[in-house]
Amino acid sequence: MSETEDVKRPRTESSTSCRNCGKEGHYARECPEADSKGDERSTTCFRCGEEGHMSRECPNEARSGAAGAMTCFRCGEAGHMSRDCPNSAKPGAAKGFECYKCGQEGHLSRDCPSSQGGSRGGYGQKRGRSGAQGGYSGDRTCYKCGDAGHISRDCPNGQGGYSGAGDRTCYKCGDAGHISRDCPNGQGGYSGAGDRKCYKCGESGHMSRECPSAGSTGSGDRACYKCGKPGHISRECPEAGGSYGGSRGGGDRTCYKCGEAGHISRDCPSS
């Protein structure tokens with residue numbers, strides 16, 4: 001057999017050596033000599049410290065100090081990883097691990113005991129602690145309350161807007177500090193300087209789907225390609241059951257189902 005054919009040959013049980021006993025034909029997890037140290041291979045279990053198997057196949061209890069290289073960052077003991085830790089988390093047990101919610105060492109954010117506090121949320125590259133809350137005063141700033149250390153979805157200060165210098169402005173009410181989906185001021189439009197303009201009524205401050213003047217034909221430059229009238233788009237056309245002629249707007253839009261101009265296939269009345 002050539003070297004190329006040998007490389008391409010699929011791996012079978014006959015070509016597999018057990019790392020526990022060194023014999024071919026089975027894996028370590030199926031080894032009939034599981035209690036033996038086998039041929040003393042270099043594989044060492046970091047749970048019990050014995051050679052011949054890996055931690056996921058370990059038949060023994062975890063032992064402190066078994067594998068010096070592996071250290072649990074929850075309790076600080078060697079011999080297991082955090083996901084297998086049988087002990088309670090000890091603050092500061094693992095130096096270098098820092099929770100981004102409270103800023104303390106020794107646990108990750110998912111294990112944070114202060115998860116209900118106002119310090120939740122992300123942080124920027126420049127990290128600094130902001131007082132008793134333990135939150136980071138990095139680049140992230142909440143656009144609801146203006147405080148640093150959390151983002152809007154984690155804001156503990158409700159829906160109220162703020163008068164900070166942020167560039168977020170709601171196009172529904174014109175107030176800074178929140179976006180339209182979080183607006184506490186209802187559907188009312190505003191006469192701000194925003195560039196958002198409803199093409200139904202021609203007023204700024206809202207989009208067509210939120211327009212309080214649904215019956216208005218407006219002065220927008222958008223035209224429905226179904227009926228040719230301005231003020232709405234095809235999916236909102238009140239004349240959906242009408243005939244579709246090429247002279248009723250729609251330009252070069254042609255349905256590939258019926259061949260008529262003025263609509264596309266998903267809106268075809270002849271389907």
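Note: Cβ is positioned from N, Cα and C throughout, glycine not excepted.
What Swiss-Prot lists as region 'Disordered' is 1-42 (among others).
Positions annotated as compositional bias 'Basic and acidic residues' by Swiss-Prot: 1-12 (among others).
Across the zinc finger (16-33), the DSSP tally of helix, strand and coil residues reads 3 helix, 2 strand, 13 coil. The zinc finger annotation in Swiss-Prot covers 16-33 (among others).
Residues or ranges marked as compositional bias 'Basic and acidic residues' by Swiss-Prot: 21-42 (among others).
Under the heading zinc finger, Swiss-Prot lists 43-60 (among others).
Per Swiss-Prot, the feature zinc finger maps to 70-87 (among others); the stated evidence is sequence analysis.
Annotation source Swiss-Prot lists zinc finger at 97-114 (among others).
The region 'Disordered' annotation in Swiss-Prot covers 107-136 (among others).
According to Swiss-Prot, the compositional bias 'Gly residues' annotation covers 118-136.
The annotation zinc finger is assigned in Swiss-Prot to 140-157 (among others).
Under the heading zinc finger, Swiss-Prot lists 168-185 (among others), citing sequence analysis as support.
The zinc finger feature in Swiss-Prot is assigned to 196-213 (among others); the stated evidence is sequence analysis. The average per-residue pLDDT of the prediction over the zinc finger (196-213) is 69, rounded to a whole number.
According to Swiss-Prot, the feature zinc finger maps to 222-239 (among others), an assignment based on sequence analysis.
The annotation zinc finger is assigned in Swiss-Prot to 253-270 (among others).
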Tally of DSSP helical, extended and coil residues in the zinc finger (253-270): 3 helix, 2 strand, 13 coil
